[in-house]
Structure formats: C-alpha cells, structure tokens
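Reviewing the structure listed below.
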Amino acid sequence: MSKLKEADTVTETADVSQDDLPALHRNDNVLLRKLGYKSEFKREFSLLETISFSLAIMAVSCGVTTGYSYPLLSGGHFAMVWAWFIPCIFVMCIAASMAELASSMPTSAGLYYFSAKMASKERSALASWITGWSNITGQVTLICSINFSCTELITTAIAMGTDGAVILGSGATFGILMGIHLTQALLCSAGTRILARMTVVTLVVIMSTTIGAIISLLVCAGNQRVSSKDAWTKFENNTGWSNDVWAFILAFTSPMWSLTGYDSAAHIAEETAGAARAAPIAILVGVGVTEILGWLYYIAISYATSSVPDILETKLAFPLGQVFLNVLGKKGALAIWCSITVLQGSTFIYLCGCSQAVDASRVIFAFSRDDALPGSRWWKRVNHSTQTPVNAVWFAMILSAICGVLSFSTAAFNSLASASVIGLYISYVTPIYYRVTSGRNKLQPGPFNLGRWSYPIGWIGIIWVAFMVVMLLFPYTQTANEQTMNYSVVIVMAVLIFSGGSWIFSARHWFTGPIPNIDVQSDTSSYSEKPENMEQNSLKN
C-alpha cells in the first residue's frame, strides 16, 4: 500500500467529486477506476476536439509539404501518387487495431498499458517496458522533427521572398528551433480547456490550407501541367539505387512520417468525455482524413511538377517551394506558401507541435506514474492550478531540444525522422501483436471492436511494420557517405541499449508494469470482469 499512498501524495490531486460531474464523466471515471487509476484531469476534450487533436499532430498540409522530397527522388510522378496510396491501406489496419484497444482501455497510459494487459503474465512487464520506451523515443524525436520542419518552412519563405539573397545558416536555424520549443513549453503548461479549444482552430487551418494548395496547383499550373499519363505513371529514379522497386519503396518514408501520432487520442483519454467512444473515433477519422487529403495533395503536386530534374536542383530547403514558384510566380507562391508557413506553420508551432508535446508529456506522465522513468517522482506530478503534468511537459521539451543539436548535421537530423517513425510504430504494433497472440481471449470489447476481423487486420499491420522498420534503416543512396548515411540505426540502438541494459541490470527486478494508484481491493471486478451495466453505460454514451 506504500506505493499507492505515495502516488496519491505526489500527484497532489484528489478524485473530483463525482456528484459535481455530468453522468458521462462519472461513467468515464468509474471505468478508469476499473483499469486501476483515479481521475486526475478535467475531461474537457469533446469528440470534435479529440478528432482535431489527432488531426493537429498529423497536419497533412505540412506533412506533405515537408515530405515531398522523398517521392521526388524515389520515382518522381509515379511515387508521388502511389507511394502515398499504398501505405495508407496498411496504416489504416494498424489504426483500426489501435482503436479497438483504446475503446476497451481508455487510459493515458495507452499503448504500454495495452501491452501489459494483452501479454501473458510472464511477459507482461517486459512487453510494457519495451512499448513504453519505444513510444517515448518516438514521441520526443517527433516533436523535434516536426519543429525543425516548421523552422525550414520559415527559412524557405525567407529565401523565396528575397530571391535567394538571404539563406539562413545552421546557427540561425537552430535559434529559431529553440524559440519554437520555448513557446511550446509555455503554452503546453496551460490548462486542458485552453489546449482543447486550440485544436478546433487546427481543424479549420488544416482543411483550408490543404484545399487551397490543391486548388491553386491544379488551376494555376496552365501550360506547366503535365499530362495525366505522366502524372500517374512516369517513373524517374534519382536515389542512386539501381533497383527501381526498392527505390520506389523508399518513398514510403513520406506517408509513414506523416501518418504518425494518431495514438494521441488514446493518451488524452483521461481528459476526454466519453473516452471509450471518442478515442477510437478520433483515431480512425484522423487517419482517414489525413490519408484522403494527403493523396489529393500529392496528385495535384504531381500534375504541377513539370520537370523532376529541375525541381531537384533547387536551392530552397523544401523543393515544393520551387513548384509553387514555377506555377504561381513569386507573389502567388509567397501567398500560398505563407498560408502554409504562417497559418499552418503556426499550427506546427502552437498546435501541431503543441499537440505532439502534449501527447509526449502524457506518455511521460503515465509511464512515470508507474515509476518507469528516471526521476519519475517529478514527472508524475500534476500541477494543482492547471491540473496538467507541467513537469512532464518541460521534460519532454528539454529532451526534444537536446535532439535539436543534430540539426547542425543535415544527415543526422534527417535520420531523426526515421528514428521517430521506427520508435512509434514499434510501440504501435507491440500491443497489437500480443492482442492477436496471448491476448486473444483477454480483451473486454469496448463500444468499438473489430470482432472476428481483429486477427487478420492485426497480423497485416504487424507484418507491414516489420517491413517498414527495415526499410527506414536504409540510406537513400546505394553508395552512402557521411553526408547521405542514414543514422537512425544509431539513434534507435542507443535507446535500445539504454532501455535494454536498464531492464537486464535493474528494472526486471522491480518493474511490474502498470501500478494502480487506487486501492483496487475495494473493487470487486478485475479487468476481465467488467460489470454488465458498465458496458451498457459505455455503449449508451
């Protein structure tokens, strides 16, 4: 009982009086107690805001804008269209499996909690440990990767506006990156209500900037618009790999990087009203909308890219900026680019980046709540005024800022994007793997479940991630040097060595997985014995 008392003291909060809460919130909190945790946050994320939160992290217009160079190199027009479409099918399988788990177990612990409950008793702690560390690695590196993309959006706009006269160096770029981190840390320390309201703005910004860019490229391309045959089928391999199929596969990096972070809906489950229903909907809608808009955007870009070799020679940080210049001219290009850089950029700085920072902080908080991180007693504190884990927010931002030092090396920093995808997707499929193996009969279905389709859909996602992890470790050219090498394997191995060593020499002796912070002895039902009326209440809401 000592750990339970310590947890209650450290969080500095008490359960909200159930009598003062709406019925929906009371049902959420009762279900959370059945999972082993007391309610410590305000449930101020509605369904719309939870969906917006998921969309904010994936931010399709910036994801495609910054990821355009991958298909440009790895197949040109053909890769722009099909290298986005093909991975979307498999990513949706992963999202559906994750949504099923989030509906059954709506807790901020999310993925590592799912792994612990789906794995066998003997492997529960190790499965939770692997998932937690993989997810935190991906979460933190994704913050830095997103913020650096925003930084390069800004530097590209400056270069476009000055006709290339002002090209900011690595020092100035790093300064902008650190400024973004600081503003994010301050804003993410705010209360849940502010964060929830901001995400609605994201929904409007993402839709308007993406649709505006698609229409502008298609309408204004004029004589520079390529034929439909070229736009959909012309293949140009500029990677340096002699095998065209492998070169095309490397273009999958763009959608895999863009389609990350949708686990965020699970991590804010304790701040969401009707979480068992809202979390899976947000995951599926967020991924689906991003996939559709991203594909339409890439189709428009393919039509507007008149010459792949010419675009590759641009001096701009983002090659897509050159496409806008060619199609719209300087004034038109700046108008569109600024709508992406200023509006969508602000989404990156204050919404997309902030949403990712919030997501990472909730993972750190939940993992620390189970004493799994160094200094856990600090990171699991909940601020009394804002009722948010402010310490976890700053810890996540400091770790991300440290990763930002890699921005002085283009090759090293580009590898950070691959490392973030690898870390996140390993954490995505680990609980799915245990769900379709040892956990086949353990899952108590929530309002959303896949039924008999759980197993084939789960295995498709597992096999896809195994293939993608291998792909993401490869360099983009067959004769790699220090400038073109993919260093993601170094980043991933560093984390694996640290977390693996910690497990072997220490954690396996004391880490037992998720630790209840309530006296679960007072609850007569176990995880697998949820009362029938509880399930009915969840379905009604």
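Yeah, the Cβs are placed from backbone N, Cα and C, and that goes for glycine too.
TrEMBL has this to say about the protein:
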type	residues	note
TRANSMEM	47-70	transmembrane segment
TRANSMEM	82-114	transmembrane segment
TRANSMEM	154-182	transmembrane segment
TRANSMEM	194-219	transmembrane segment
TRANSMEM	278-300	transmembrane segment
TRANSMEM	334-352	transmembrane segment
TRANSMEM	390-409	transmembrane segment
TRANSMEM	415-434	transmembrane segment
TRANSMEM	455-474	transmembrane segment
TRANSMEM	486-505	transmembrane segment
REGION	522-541	region 'Disordered'
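Between the transmembrane segment (415-434) and the stretches 47-70, 194-219, 278-300, 390-409, 455-474, it is 455-474 that has the most C-beta pairs under 8 angstroms. Note: the stretches the transmembrane segment (194-219) and the transmembrane segment (390-409) are not in contact (fewer than 3 CB pairs below 8 A, sequence gap of 6 or more). Here the transmembrane segment (82-114) has Cβ contacts under 8 Å with residues 28, 31-32, 35, 37, 41, 70-71, 74-75, 128-129, 131-132, 135, 248, 251-252, 254-256, 259, 262-263, 265-272, 275-277, 279-281, 283-284, 287-288, 291, 294-295, 298, 362-363, 365-367, 369-370, 425, 427-432, 434-435, 443-450, 454, 457-458, 460-461, 464-465, 468, 514 of the same chain, all six or more residues outside its ends. Only residues 6 or more beyond the boundaries of the transmembrane segment (455-474), in the same chain, are considered here, and those with a CB under 8 A from a CB of the stretch are 87, 90-91, 93-94, 96-97, 249-250, 252-253, 256, 418, 421-422, 425-426, 428-429, 432-433, 435-436, 440, 486, 488-489, 492. Using a Cβ-Cβ cut-off under 8 Å and counting only residues 6 or more beyond its ends in the same chain, the transmembrane segment (486-505) has close neighbours at 126, 129-130, 133-134, 137, 141, 411-412, 414-416, 418-419, 422-423, 472-476, 480, 511.
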